[in-house]
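Structure, as structure tokens:
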Ligand SMILES: [Zn+2]
């Protein structure tokens, strides 16, 4: 078996001490040209090999880009997409590092602006992208065969797990879908709801005062998209301000 690279000297494991008894942090290595694999985990080997390819390729070929990114980021785009592994926005849209601030969650849902609760990961990302990074475009992108939307459409009881309490944000989209397509097959309802859930998220974006303000002043544009990876089709639409 190959030797694992030497752990970076002096790097303590910090909060490793808060792990439950019986666990410890180990194999802390810096991936450099001398790094070799211990054969423990093929997936980690694939990730590290991918990183080495990136570092020798794109990273070295575009020094101007990566020099600029060292100083900071100025993305013009914020995207909210699903965590689904088949939806890969940087690859899909040909984006480079630094171009898009991306949040991925289950079913690409945006919750309404609310002060209650503690763990508003998506809302915190939206706040940072809009008020600190000053992105000019927010895109919420749904997709075909979304498991989160299937959960929303198929469940009656949303208690008892994290998925249920999260996807029930989309209840107004489910209600609209059932009112219009209540007699249609389940797959057709889900497909419709995927876009309705994006519309709901667009409406929820407007409940954040700093977003509505920038939309009205023309400093921000808000788009919905739906990516159908079965048909290879992208649909795009946007919020227009009525005069
Ligand atoms: Zn999904």
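Cβ atoms here come from the backbone N, Cα and C positions, even for glycine.
Keep in mind that TrEMBL annotations are predicted by a computer and have not been checked by a curator.
In TrEMBL this protein carries:
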- 82, 84, 143, 146: Zn(2+) binding site (BINDING)
- Task: Output, ordered by sequence, the same-chain residues six or more apart from residue 84 (Zn(2+) binding site) with a CB under 8 Å from its CB, or 'none'.
- Result: 143, 146, 147
- Message: Through the lens of DSSP with three states only, how would you label residue 84 (Zn(2+) binding site)?
- Response: coil
- Task: Using DSSP reduced to three states, classify residue 146 (Zn(2+) binding site) as helix, strand or coil.
- Result: coil
- Message: Can you give me the residues near the recorded Zn(2+) site, meaning same chain, not 82, 84, 143, 146 themselves, Cβ no more than 8 Å from the center of the site's Cβ atoms?
- Response: 81, 83, 86, 87, 107, 108, 142, 144, 145, 147, 148, 149, 194, 227
- Query: Near the Cβ of residue 82 (Zn(2+) binding site), how many other Cβ atoms are there if near means within 10 Å?
  - Reply: 24
